[in-house]
Amino acid sequence: MLERAQRTLRREVRYSGVGIHFGKSATITLEPAKENTGIVFCRSDLLGEHIPALLPHVCNTGRSTTLSSGDSIIATVEHLMAALRSSNIDNVIVRCDEEEIPIGDGSSHVFMQLIHDAGVCTQNDKVSIARLSQPVYYQAQDTFLAAFPCDELKISYTLHYPQSPTIGTQYRSFVITEESFRKEIAPCRTFALYNELCFLMERGLIGGGCLENAVVFKDDGVISLGQLRFPDEPVRHKILDLIGDLSLVGRPFVAHIVAVGSGHSSNIALGRKILEVLQP
């Protein structure tokens, strides 16, 4: 059985910013937590309502992943969750004074920096690294995901955007480690198509969206502050989202994840299937 020491932050750290969808200023505080706490969100503006970062608490997957407990919600958790899970942080309290996690620059970069600033310490209790007892898959229309037994966490993703010549078809495959995530995935920003913007705004989304936290793709080019961080930044960001969503399984695991055109809803659906076949 694979196992390692549980990990938490060495000290408390704080970050303030704007939520990309609701457009509200928010402050998050990451606090060290004792062994076997897990990752828990806490709405500091609502008498400390606790929301565990687990699949049963997912309540919405429209353009981001939202968790809830009782009447409390916490939205757009995936970029922070990807950073915590890729850094092997098992136990942390995330306090937020609003209903949405700040978006930063649209990537996981700010959260990786927070973890670096806080420092990481090992704890006395161990955590087992789960494996898949059998392959599982999820398919819906043009979306396909599968998870295969593997000795490491590997993600292979195909992004196909025929409606956007500037994105087209992109493919990347990474073995996910703290280093590969930090260098190859964490800097990659969320993106949208130019012709989607009105639709998103009509739905009350991207209220805090701007070129400081997103990349916009037009048929004839890219609207961005500076150049793309990678030529295939969109597919890398999709991998980032997938890591964040699958972290809601609630325990570290190894598998080879193969994804074609997945989003938050299908990522969560695969996560639920993975949870059914994890061992030990």
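Note that Cβ sites are derived from N, Cα and C of the backbone, with glycine treated the same way.
Taken from Swiss-Prot, the feature Zn(2+) binding site covers H79, H237, D241. Summarising the annotation, Swiss-Prot assigns active site, proton donor to H264 and lists sequence analysis as the type of evidence.
Here the features listed in Swiss-Prot are placed on the structure.
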{"residue": "H79", "record": "Zn(2+) binding site", "Cβ contacts under 8 Å, 6 or more apart": "I101, I103, G104, G106, S107, S108, F111, T190, L240, D241, G244"}
{"residue": "H237", "record": "Zn(2+) binding site", "Cβ contacts under 8 Å, 6 or more apart": "S107, C188, R189, T190, F191"}
{"residue": "H264", "record": "active site, proton donor", "Cβ contacts under 8 Å, 6 or more apart": "T61, G62, R63, S64, T65, E78, D241, D245"}
Measure from the Cβ of D241 (Zn(2+) binding site) and count the other Cβ atoms within 10 Å, all protein chains considered. 23
In the same chain, which residues outside the set H79, H237, D241 have their CB within 8 A of the centroid of the CB atoms that define the Zn(2+) site? E78, A82, S107, S108, C188, T190, K238, I239, L240, G244
Tell me, by DSSP, whether H237 (Zn(2+) binding site) is helix, strand or coil? helix
